[in-house]
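S.K.: Here it is: the structure, laid out below.
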Amino acid sequence: MRIGQGYDVHAFGPGDHVVLGGVSIPHDHGVVAHSDGDVAIHALCDAILGALALGDIGKHFPPSDERWRGADSRVFLRHCRILMRERGYALGNADVTVVCERPKVGPHAERMRALLADDLGVEADAISVKATTSEKLGFTGRGEGIAAMAVVLLVRA
Ligand SMILES: Nc1ccn([C@@H]2O[C@H](COP(=O)(O)O)[C@@H](O)[C@H]2O)c(=O)n1
Ligand SMILES: C[C@@]1(CO)OP(=O)(O)OP(=O)(O)OC[C@H]1O
């Protein structure tokens, strides 16, 4: 077994939606990012890469690479699944926490779990998606950005 953790942040910017866990959620801001700025998937990818000791998402998908401009972050997650399989591992379970005052994540959590599970080749009950505000404290509390954390356990395939 191997354990990994990941963390990602993106600032809010102009736009009318945010993408979280592969789900497009209407919002009064977008996020500033090279890709679609999906903090939940970025944190999850970093947790998997960390468990495999393979560096981080920026190493595999450099922000300097035009191929990833506006990219659907699910592409990154599916690549992490391939890296796991190549090294003889599969996802045991994952726990993702999104931190923002808004948008509300709860109504979209089940759809996120289904998409993430599909990309990682596991049942939805292996994926947890949670959300919390930071009680109006700090950058997330002031509505300046959105953060996510993820923890994964990998098992021998
Ligand atoms: N962006 C968010 C933040 C929170 N939730 C849900 O609300 C609950 C209460 O949040 P607190 O920060 O006051 O603990 C939280 O447990 C989530 O269920 C949400 O859906 N989206
Ligand atoms: C995802 C990548 C893709 O170029 O860019 P961003 O969307 O800016 O996201 P970040 O969380 O900063 O991770 C770095 C990059 O790998």
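Cβ atoms here come from the backbone N, Cα and C positions, even for glycine.
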S.K.: According to TrEMBL, D8, H10 bind divalent metal cation; which one of H42, H60, H79 is annotated to that same site?
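M.R.: According to TrEMBL, the candidate sharing the divalent metal cation site with D8, H10 is H42.
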S.K.: Under 6 Å from ligand 1 by C-beta, which of these recorded positions make it: H10, T132, T133, S134? Sequence order, please.
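M.R.: T132, T133, in sequence order.
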S.K.: Work through the binding-site residues one by one (D8, H10, F139) and name whichever has its CA nearest to the CA of T133 (site 'Transition state stabilizer').
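M.R.: Looking at Cα distances from T133 (site 'Transition state stabilizer'), the smallest one goes to F139.
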S.K.: Can you grab the distance from T132 (4-CDP-2-C-methyl-D-erythritol 2-phosphate binding site) over to H42 (divalent metal cation binding site)? Cα atoms, rounded to a whole Å.
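M.R.: Here the two Cα atoms lie 18 Å apart.
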